[in-house]
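A.B. asks: From Swiss-Prot, here are the annotated features:
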DOMAIN    3-147  domain 'Clp R'
REGION    6-71  region 'Repeat 1'
REGION    83-147  region 'Repeat 2'
REGION    160-341  region 'NBD1'
BINDING   207, 208, 209, 210, 211, 212, 213, 214  ATP 1 binding site
REGION    342-545  region 'Linker'
COILED    392-524  coiled coil
REGION    555-765  region 'NBD2'
BINDING   605, 606, 607, 608, 609, 610, 611, 612  ATP 2 binding site
REGION    766-874  region 'C-terminal'
């Protein structure tokens, strides 16, 4: 016996059989040991051959058990194993059988045949008793081999290659495992047309990710099963190749190629009956490529060109261009079929077709309006993905969220149960008390507990009943789907009696039961059982941060009072606050142009009048966070080449992979305020980039991604024309100098840029009477800083007036006041705190002196109400 003539699998089995013999205490290595490890193998090649040859695997195992128990056992021996005469004959016969069949290696099936043929071996008797004959085994082996010989040490891994490395889509379609494919008739027809050609009959489905390329292949499988295809494709098998399984575990050089050749050989042997579907077709290029080895695409080319291999590929536009088009010889063997993104209307039809599958899976109902909302909202707000995939995901997640709520305890019941627990704890504490008041309280608690427990039991029963009702509806849907699948199979197989029973008996009965179950509307139901547009909108809001869900009463009031809220932070600029508020209200009411940003404004005015502060106040109002905005200081973009910092460097330049400051921020958070500060400082070319943003609400970054700006508020600030605004009188209207200011603005910016901005807002200089309110705002901020030390500031009216007068400078706005407060309030306070004059928890009264402020600390008078953080008010 030459062990090198045996395949790796057989060598492994011989080794396992030796280990088994030693562990059993047998000194002789017999055929029974070999058959035992062959039959118990996980992959089950031997067991499968026995079954296919008409044998009973259970009987083989029982016979083996009996034979192995009769073998002589030795304990305390020297672990020496001797080859028995029958096993030597079995090995010799296996080598002879392999040689006659033209095999270079002895394989598992040849060894099994030898075990059945060798009369001196007990295994022949066992297999014969279980109904296995050598003739039947040879017939099954020839069917499995399909004329191939064992030319390598890993020959067994190539048997039934299609079963191992491909999935039968037509079989899945027959079993009803595939989702229905709605629409896409044109693409499926075009695919069938290419498949019906004589040569190069290989379509490749090319389209963006998520448009339904794989669904078209599944649609083709469904059509083949239903017989809705031309004669040339009738009864064909559509097999989806699993590239991962092909490559996985191919350790040795040439093993991957061997597996792929085995797959191709099976497809070719089927004489055109098998169509191979290769999803992510670009993975063929370079798959299995090592030094000197051929990759998968080169192995496929000859068969593709001759028309021996029917193949349907699917890949994205980008990957087709990147991998397949570079290999012209591979590209010419495929005929492209372009798959476009479906329209919103088509997506709604697709969702309606899939609705039942999702209802059955999540055990909730999905309203038709939720499907319409999913298609429309995903199309509008999720711009970096494609229909129908993103709409299907929305419905799936909305149904999943609702199912979680159904499985959780209802809020009403949860509150009662918590109250019961609280009262039980109180009752136990009162039981040890002996006074009359405690006894009285105990009686009241007992009564309340009994009422609450009764209510809890009632609500729990109601909740369980509602859950059960939902489960029943889902169960009926599943039975209905199974019945419809059975009807389709019966019609295909010509079993008309069974089809009649299903079509006119079982299915109508199930439909009636389902309609009855769904029509029982529960008044005052504890559970929400239907996915509505609101649920879909909530999911969109979670994904993108864009508030598309229905406004709650509180938010409506807040939006209507927006001017007052922002006015608490921005003083004296009523027109600007009003313009911003109107834009936000338009957007939240759904009345803004869907293809433009929520609002785009240029704020013009002298320094320190609140241009940047208004932007911060808006961000704080919308997101409860001052920092929820992208602030871009345009003084950093003075050179022409700095444009690439906004949108990302083009290919070939350093920093290409990093993306742009502006585009990356908006891609990550599509709903936010964007502030371009001091816009006149930027290079004129920067404004060219903004033209598309202001007009169409989109911008293409350096990597070719389209970034959506339709949910942003764009604010640009500038000091242009400030000299006219500064010289205005206290009570003069800003409109009187608008023409002068606009003249300066037009000289700096191009008409096409100014024409795209929604509104140019002029900020007038601050009036003297505005200063008091600004002092209050600044002092509030200082108070917030001191809140950790529990120090309360009490600013008297005279001190307030003193600060307002000293900090007022019409040319510089509110910034001088900030400096005055720093010098006259913060500096003295800091010194007094460090000296220990002002202790933690003190109240400090601030009054005005002749040339400075006076601070009078009153110890231990800290105000219990912690000061409200100023930016939380907005």
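Glycine is treated like the rest: Cβ placed from N, Cα and C.
Computed from a predicted structure; not experimentally measured.
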A.B. asks: Least buried of the binding-site residues 211, 609, going by other Cβ atoms within 10 Å?
C.D. replies: 211
A.B. asks: Excluding 605, 606, 607, 608, 609, 610, 611, 612 themselves, which residues in that chain have a Cβ inside 8 Å of the centre of the Cβ atoms defining the ATP 2 site?
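C.D. replies: Once 605, 606, 607, 608, 609, 610, 611, 612 are set aside, the remaining close residues are 603, 613, 717, 763, 813, 814.
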A.B. asks: CB neighbours of residue 606 (ATP 2 binding site) within 10 A?
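C.D. replies: Residue 606 (ATP 2 binding site): 23 neighbouring Cβ atoms within 10 Å.
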A.B. asks: If you measure residue 612 (ATP 2 binding site) to residue 210 (ATP 1 binding site) at Cα, how many Å is it?
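C.D. replies: A Cα-Cα distance of 42 Å.
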A.B. asks: Quick check on the region 'C-terminal' (766-874): DSSP residue counts for helix, strand, coil, in that order please.
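C.D. replies: So the region 'C-terminal' (766-874) is made up of 57 helix, 18 strand, 34 coil.
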A.B. asks: What's the most sparsely packed of the binding-site residues 207, 210, 605, counting other C-beta atoms within 10 A?
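C.D. replies: It is 210 that, of the binding-site residues 207, 210, 605, has the fewest other Cβ atoms within 10 Å.
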A.B. asks: Quick check: which same-chain residues outside 207, 208, 209, 210, 211, 212, 213, 214 lie with their CB within 8 A of the centre of the ATP 1 site CB atoms?
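C.D. replies: Close Cβ neighbours, site residues excluded: 215, 316, 339, 341, 386, 389.
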A.B. asks: Provide, as an integer number of angstrom, the distance between the C-alpha atoms of residue 212 (ATP 1 binding site) and residue 611 (ATP 2 binding site).
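C.D. replies: Here the two Cα atoms lie 49 Å apart.
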A.B. asks: Taking only the residues in the region 'NBD2' (555-765), give me the average pLDDT of this model.
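C.D. replies: The predicted confidence over the region 'NBD2' (555-765), as a mean pLDDT, is 81.
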A.B. asks: How big is the Cα-to-Cα gap, in Å, between residue 211 (ATP 1 binding site) and residue 605 (ATP 2 binding site)?
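C.D. replies: Spelling it out, the Cα of residue 211 (ATP 1 binding site) and the Cα of residue 605 (ATP 2 binding site) are 49 Å apart.
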A.B. asks: Calculate the distance in Å between the alpha carbons (Cα) of residue 611 (ATP 2 binding site) and residue 209 (ATP 1 binding site), and round it to a whole number.
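C.D. replies: Per the Cα atoms, residue 611 (ATP 2 binding site) and residue 209 (ATP 1 binding site) stand 43 Å apart.
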A.B. asks: Please report the distance from the Cα of residue 210 (ATP 1 binding site) to the Cα of residue 605 (ATP 2 binding site), rounded to the nearest angstrom.
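C.D. replies: Just about 49 Å between their Cα atoms.
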